[in-house]
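Before any comments, here is the structure.
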Amino acid sequence: VRAALFRSSLAAFIAERVEVASPLNAWKRVVEGLALLDLGVSPYSGAIFHETPLIIYLFHFLIEYAELVFMITDVLTAVALYLAIQDFNKVVFKKQKLLIELDKYAPDVVELIQTPMEMHYIPLKVALFYLLNPYSVMSCVAKSTCAINNSVIAFFILATIKGSAFLSAVFLALATYQSLYPLTLFAPALLYLLQRQFIPVKLKSKSFWLYTIQYASLYLCSLVVIICLSFFLLNSWDFIPSVYGFILSVPDLTPNIGLFWYFFAEMFEHFSLFFVCVFQINVFFYTIPLAIKLKEHPVFFMFVQIAIISIFKSYPTVGDVALYMAFLPVWSHLYRFLRNIFILSCVLIFCTFLFPVLWHLWIYAGSANSNFYYAITLTFNIGQILLISDYFYAFLRREYYLTHGLHLTRQDGTEAMLVLK
């Protein structure tokens, strides 16, 4: 599919779509950076290129094979996700079997227990959900570097689930180096690795702090090495304000599927710093409460955190959405507890089709304005937030039923209803 689209006239159209390519990861900006590098000028000397030095040097040698690089990257992402979920399912099954043997589950929850037959095809579904998702296909065809970011995060997830603290820290450092926001994935990764080592998550535990310091040291050392390597490649620190300053300060207000651009386009300049801080805090704010609530379920925590990043980051694209959507088959056992899945699926599909329509009405036909386009981006993001909230509610509800039973009663013996507060 990707190879066919690369050879079609749609490739140029998709590459120009603001939903697919942002000022941070657009291919035409990478080409501009490469042109400056070939002329002996720093690619960060202007206000065009905002990717990392490793990306520009990667394509400096592979520019002629760019299409092949992006297709291979997507395949590697799918393979990494397949292997990660395959290993995760084994861990889930062993844990589930142990809890059954210890009588930790209520006697009437047999229908909620995952069977090996149900879990067998989940890794394949995850890989196919990523490879065949129109969002990831468009991101690949547009040659958006978001596809590379997704691949790095996928390998980070694989290394974490395999229990390799070193590789997990290296890939997390690489993901942070690429787009900054994966920093928030440190907490779920640490929680999962602590579980693998059978170390209790207690602040008074010496082993907890020792392992946390070890993992944090590996992560920080890897990040420092990658940043120093970037300096040696360019012999300049210009990339730090051009990449990370650009992500945090949001100076380019080109429309995208995010929440930032419209607010700051309409806002007075002297208010912008305060609201930039407020908007950026959103990505990091939920990490601590989620870590407390989901400390026993770090992989689900990781899924929620990746979704939060894709919604609240400053320059999101549909490629970011494709990554967390690939995990939806992992939670297929939650479908019976989802309340609004059909409506929310319809909202996201309709918004996807309305993006180019309202863009055309605004930019080309002149019969609409920015309010119309922002309204559909706002609806799209609200749909994503409600979708993740629905999965979160369903997950907590199932966990409660496993412990307390499906048939809940009040003290007086009447039937009770579970309410999330």
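Positions of Cβ are set from backbone N, Cα and C atoms, glycine also.
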Check each of the ranges 179-195, 298-314 against TrEMBL and return the one annotated as transmembrane segment. 179-195
So what's near the transmembrane segment (153-173) in sequence-distant terms, Cβ-Cβ under 8 Å and 6+ beyond its ends? 76-77, 80-81, 83-84, 87-88, 91, 182, 185-186, 189, 192-193, 196, 214-215, 218-220, 222-223, 225-226, 299, 302, 306, 323
The recorded stretch from 179-195, 216-237, 371-393 sharing the largest number of CB pairs under 8 A with the transmembrane segment (271-292) is 179-195
Candidate ranges 68-85, 179-195, 216-237, 371-393 - greatest C-beta contact count to the transmembrane segment (243-264) (under 8 angstroms): 371-393
